[in-house]
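So that you can see what the record holds, here are the features copied from TrEMBL:
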DOMAIN    38-488  domain 'Major facilitator superfamily (MFS) profile'
TRANSMEM  32-56  transmembrane segment
TRANSMEM  91-110  transmembrane segment
TRANSMEM  147-166  transmembrane segment
TRANSMEM  187-210  transmembrane segment
TRANSMEM  216-237  transmembrane segment
TRANSMEM  281-304  transmembrane segment
TRANSMEM  324-344  transmembrane segment
TRANSMEM  365-382  transmembrane segment
TRANSMEM  388-413  transmembrane segment
TRANSMEM  425-444  transmembrane segment
TRANSMEM  464-483  transmembrane segment
TRANSMEM  526-546  transmembrane segment
Amino acid sequence: MTTSITADGLNAGQPAFLSKERIIAKPGFNRWLVPPAALAIHLCIGMAYGFSVFWLPLSKALGVTKPVACAPDMSFISQVFSSQCDWPISMLGWIYTLFFIFLGCSAAIWGGWLEHAGPRKAGVVSALCWCGGLLISALGIYTHQIWLMWVGSGVIGGIGLGLGYISPVSTLIKWFPDKRGMATGMAIMGFGGGAMVGAPLAAALMGHFASAESVGVWQSFLVMAAIYFVFMIGGALSYRVPPTGWKPEGWTAPAKKASNAMITHRHVHVNVAWKTPQFRLVWLVLCLNVSAGIGILGMASPLLQEVFGGKLIGVDLPFGQLDAGQLASIAAIAAGFTGLLSLFNIGGRFFWASFSDYLGRKNTYFVFFALGFALYGLIPNLGHLGSVALFVAAFCIILSMYGGGFATVPAYLADLFGTQMVGAIHGRLLTAWAAAGVLGPVLVNYLREYQLSIGVERAAAYDITLYILAGLLVLGFLCNLLVRPVADKYFMTDAELAAEQALGHDKGADSSTVLEWKAAPGSKPLAIAAWLVVGIPLAWGVWVTLQKTAVLFH
């Protein structure tokens, strides 16, 4: 049955422009307009992954051609406030760390507010924080004060990251109850693709603005802030939320059976969800899956070079015996390898999340852990056998599952805890990402250094690390095995659910009313245009990355 409603039927008076009530979709709205809005935001904030493109130019911001070294006896605090010497890359790297600390913290702290305020307001705040942070960082570069970059991009920008990352989760899951995994996979794919678009854009801008007196970074920050602000505000203002009771035309929720026993049609409050054993287990599932992938992602380039050395260019010499020209050649191949991994990271977000709609979320994570364990255990042997193609293929599959883990988890949470507050619950779960961002790189980097310090050859220095990462995946498999449907005592009662809905856009709505409609015929050209707006930059980023990876196949 199709039920007609008007905005006045839900809320008397005109709601505020940024309020959740203002963006309730009218009958005929095309739900395929929502994923491009989410992608517009995620493609911008995803540049956080690509910030390393700025490190080398910023490390010689004063010297331009070479770094101006600080005095040997200068303290760390003095370097923070000094405008007389260049910053080492180790200091610049703190921006990357702050990004993901504040992403996790802001998503956890303000996830509940987002559920009540709606995705439009959250998206606008995200745009102000992310782009405002870039402007503050530009000022920091211009005045050569690194603390302004830490505060601007790291802290304020990190808060924008968190709000922007989770802003579409609840909305997409409610618009696509029949394709939960695919819907969130489309948006979170954008976050993985942000660096693929942003890094070459940044490189082009720095090349344009560079001069004998400047490396061109602060000017690039200003331009990128303006471009990102237009895209992010456009995405935020394009968000629409479905009215309570809406479902796709002709779709009915599948009957409860063994294959979908994990899926609930009830709802758990965010303040209760984190106390459940299911939340703790899924937290560990995400943390362990991400730890294994993120550690390798950060070391992909040196790993390939040190394991294969001259074999990458047809020379039977270890890494330590190569000359400068040979090192430059294998560095170019390793850069192509890193680009290829980024493509699989992005593609895996969409593929695995969509696949989980058919396989089930729990079974999908079983595949991640079982297949990942086998590949991590096999890779050292592939390295010793000198099989570059199989080595690269194994890592591509691993990185696809790393991305897939991020994209599948929102739908996993919706299955377990319901859709009412899944965005807020997802926000709290992202603290697992922050933890993995420390655990994974520390394991890989410090174990590598230890192996080298005791005389292990570079080609074998990663073996123990890979076996330990395989062990993490065994723990993840066991945690996933223990996940069971949430107990009845944790779900909201009808009265509690009504009270929660009253805090959001559902004021006065009758949740027993079923709404379904076809997309208006005239909405199709608009949907195509929206997809082109986000698809063209993404396609350009893919093309640039493919050009870089071509060196792998020469």
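Backbone N, Cα and C atoms are what each Cβ position is placed from, and that goes for glycine too.
TrEMBL annotations: computationally assigned, not manually curated.
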Note the mean pLDDT of the domain 'Major facilitator superfamily (MFS) profile' (38-488), expressed as a whole number.
90
Apart from its near flanks, which chain residues at least 6 from the ends of the transmembrane segment (281-304) lie with a Cβ under 8 angstroms of it?
312, 331, 333-335, 337-338, 341, 345, 365, 368-369, 372, 376, 391-392, 395, 398-399, 401-402, 405-406, 409, 412-413, 416, 429, 431-433, 435-437, 439-445, 448, 462, 465, 469-470, 472-473, 475-476, 479-480, 482-483
Interface-richest range of 216-237, 365-382, 425-444 toward the transmembrane segment (388-413), CB pairs under 8 Å
365-382
Run the contact check on the transmembrane segment (216-237) against the transmembrane segment (464-483): 3 or more C-beta pairs under 8 Å, excluding pairs closer than 6 in sequence.
no
Using a Cβ distance cut-off of under 8 Å, indicate which of 32-56, 464-483, 526-546 has the most pairs with the transmembrane segment (425-444).
464-483
Taking the transmembrane segment (32-56) as the reference, which of 147-166, 187-210, 324-344, 464-483, 526-546 gives the largest number of Cβ pairs under 8 angstroms?
187-210
Could you pull out which residues elsewhere in the chain have a CB under 8 Å from any CB of the transmembrane segment (187-210), counting only those six or more residues past its ends?
35, 38-50, 53-54, 57, 165, 168-169, 172, 216-217, 219-220, 223-224, 227, 342-343, 345-347, 349-350, 353, 403, 406-407, 410, 534, 537-538, 540-542, 544-545
